[in-house]
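Structure record follows, encoded as structure tokens.
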């Protein structure tokens, strides 16, 4: 379960943000989670619920997850397409010379505190 490791890293980052912004409590954190990031949202939420209760700064803090759809670009024809239903083969020209543009994120988008 690498979600627990992600939660620990997120907690450390939020400790830094709180120190920089002189926050005594963080109420909500919004994370952008890529559709093909490999992170299981339910496990992340469970790990967060456990870890947040162990920190005075994060106790009661809500973790909001926003899914970022996966989009791939074809380097042969230049067109983009949704990754999940199509995979690595471009549905427009059949090329396998493609790369993921977005959808692998695990990024803090917003922090609310006091």
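Cβ coordinates are placed from backbone N, Cα and C, and glycine is handled just like the others.
Annotation comment: TrEMBL describes 2 as Ni(2+) binding site. Of all Cβ atoms in the protein chains displayed, 12 besides its own lie within 10 Å of the Cβ of residue 2 (Ni(2+) binding site).
Residue 93 (Zn(2+) binding site) falls within neither a helix nor a strand when secondary structure is assigned with DSSP, and so counts as coil. Same-chain residues at least 6 positions away in sequence with a Cβ under 8 Å from that of residue 93 (Zn(2+) binding site) are, in sequence order, 74, 76, 77, 79. Marked as Zn(2+) binding site by TrEMBL: 74, 77, 90, 93.
Of the recorded residues, residue 2 (Ni(2+) binding site) and residue 90 (Zn(2+) binding site) place their C-alpha atoms 31 Å from one another. Neighbour density for residue 77 (Zn(2+) binding site): within 10 A of its CB lie 14 other CB atoms from the protein chains shown. There are 22 other Cβ atoms within 10 Å of the Cβ belonging to residue 90 (Zn(2+) binding site). According to its DSSP assignment, residue 2 (Ni(2+) binding site) is helical. DSSP assigns residue 74 (Zn(2+) binding site) to a strand in the three-state reduction.
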